[in-house]
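Feature annotations, reproduced from Swiss-Prot:
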BINDING   ARG36, GLY109, ASP130, LEU172  S-adenosyl-L-methionine binding site
DOMAIN    50-98  domain 'RPE1 insert'
Amino acid sequence: MSSIDKKELEKFEKISHNWWNKDGEFGILHRINPIRLEYIIEKITTHYNRHLSKLTYREELVGNMQHSTAAYALVREDASSRLTHKLPLEAEFEKMSNDISKLEILDVGCGGGLIATPLAAQGFNVTAIDALQSNIETATAYAKENGVKINYLQSTIEELDSDKLYDVVICLEVIEHVENVQQFILNLVKHIKPNGMAIISTINRTKKAYILGIIVAEYILGWVPKNTHDYSKFLKPLEIYEMLTDTKIEIKELKGLVYDPAKNEWKLSDDIDVNYFMCLGRKSMCYPS
């Protein structure tokens, strides 16, 4: 059973060259990317008990492409000096006591690589897949230009080797764009190792999400192109919980992502009425908070 929505593919293929243009159609993803990356790394390092200094990401312009391109430089806060040391994307990042390169990450629906490429630059072993060849070409070119080693594949989750398991499966802002969403999610979790985890993000199906995520974001502020989202495809956390009932996977954490207009910034929140992250793991495992 395919998860491909052909209309969605056609829509994204038209703008697939523009993933790394921070002022283009994917500009909103560039604005939320630092907090997304920080959250993902925090959850991975906590889950696998990696002892890291506080990690955040800062956006900076790099490259000399036709459009402005954005990469994310690691900012390592030294707990003793409280000084910030910025490392360029191309740098060989410090290896931790537990080598993170041994952690295999699968990014499903990677688009142009806004999440996968920075994670690979951090040192994780990343495989990233997308149904659109044009997305993979954009992602591969950007990673190559910035000296980042990563395995990009044109593939759907259904086409991926079913026997291959990963320490972390990531799927951000994707499930609201697919067909047969329950089967898609079941295929996602099949690729989680017994001690592994998954991180999903999507949009809740609430009146608040309709107003902010569609009317405001698409038609008033123009943060994303009109008709990017279909309200009927938004998912309530309870619906995902029910989809996982007959699996060995359960929801370990829900965390909201909200916009603070007073500070003009995005931040994590307990408010999951619109955008939210969901961490998944085996039912037998306790997930550290």
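Positions of Cβ are set from backbone N, Cα and C atoms, glycine also.
Neighbour list (LEU172 (S-adenosyl-L-methionine binding site), Cβ cut-off 8 Å, at least 6 residues apart, same chain): ARG36, ASP107, GLY109, ILE115, ILE199, ILE200, SER201. Within the model, the domain 'RPE1 insert' (50-98) shows a mean pLDDT value of 37, rounded to a whole number. Residues ARG36, GLY109, ASP130, LEU172 are listed as the S-adenosyl-L-methionine binders, and the farthest two of them sit 19 Å apart at their Cα atoms.
Residue density at ARG36 (S-adenosyl-L-methionine binding site): 24 other Cβ atoms are found within 10 A of its Cβ, drawing on all protein chains shown. Of all Cβ atoms in the shown protein chains, 28 besides its own fall within 10 Å of the Cβ of ASP130 (S-adenosyl-L-methionine binding site).
Cβ-based neighbour count (10 Å, all protein chains) for GLY109 (S-adenosyl-L-methionine binding site) stands at 25. DSSP classifies ASP130 (S-adenosyl-L-methionine binding site) as strand under the three-state reduction.
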